[in-house]
Amino acid sequence: MFIMPFLTGEIGVYLLVAIAVHILIYMFVTRKRAKNIVGKHIVITGGSKGIGLCLAVECAMKGANVTVIARDEKMLSGAVALMEVIRQSPEQKFQYRCLDLSSKYEQVAETFANIEESFGDIYMLINCAGLAICGTFEEVSVEDARKLMNVNYWGTYNCTRYVLPKMKKAGEGIIVITASQAALFGIYGYGPYAASKYALRAMAETIAMESRHFGVSVTLALPADTNTPGFENEEKTKPKETKIISGSGGLADPEHVAKQILDDALKSNFISILGFESWLLTLLGGGLFRWGGFFQNVFHILLLGPLRVIGCFLHLHFERIIKNCAKERND
């Protein structure tokens, strides 16, 4: 009689261990393997600085042929020179093109056709060009609001519009669309900027649904504040409220962000995020996102309800910051 509880407990432990081992084996067998990009042609917009430049370096280190696109020729030539230093084989090729991506689609298409004549069909497009201009909705000028949409949305649209039908026809390809955590919910001072990033989120979700069965994968990158030249310019226009709200998340390293984006893209993950806070906000703000992995989805199902409470407290926290700043200004 005294042996039975011991045996029952021992059997229970064995069962738990066996279940855990089977789960680990299942996760190992079904884990995604990264695609090989050795010798593949990758085009990176905004590839002269910040996250785009770091992505160009990462792709070069993985043996890809890389084309970087931006508007500053001096910085573009520097990016190519940097890739030359880290080239992995004599066969690798690097080039750049100066282009305003928000130009008419025909102009962008002509440049991309020229790029493909030099390096071959584009296997992977990484849309990384963008800018941020902050301010309360009525403070951001109409011209700046249009500029945000032209660069962030139309620049990405033009490039993606060119490569997508070609990738579908080829039966393979990867498209990365870089939005922002601001594409998850509206924040004080981010009005027109967030609107342009929300548009990219919708674009990515739509293209992913339309293209998956053609063999084309789409990755939506949602980086938080990252230590780049673009972030330095963004800080100049941020209201105090925005700085307090966004500053609580810290500042990510562009190299780490780039590695995460490339890893997720090569594993065909739809979402690319870095860090716990970004994961939490993305889970709360993207309930209909297509997350990969059976266990990950089960985990989210269990967490999403309780985490809604955190969302309520976040909004209360933001509202308190805004009210306190208004009092300081005697608004």
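Cβ coordinates come from backbone N, Cα and C, glycine included.
Note that TrEMBL annotation is computational and uncurated.
As annotated by TrEMBL, transmembrane segment applies to 12-29 (among others).
Per TrEMBL, transmembrane segment is recorded for 270-292 (among others). Packing against the transmembrane segment (270-292) from elsewhere in the chain are residues 32, 176, 181, 184-185, 204-205, 208, 217-224, 249, 252, 256-257, 260-261, 264, 300, 303-304, 307-308, 310-311: each is 6 or more residues past its ends and has a CB under 8 Å from a CB in it.
A Cβ distance under 8 Å defines the sequence-distant neighbours of the transmembrane segment (298-318), meaning residues of its chain 6+ beyond its ends; these are 187-188, 245, 280, 283-284, 287, 291. The transmembrane segment annotation in TrEMBL covers 298-318 (among others).
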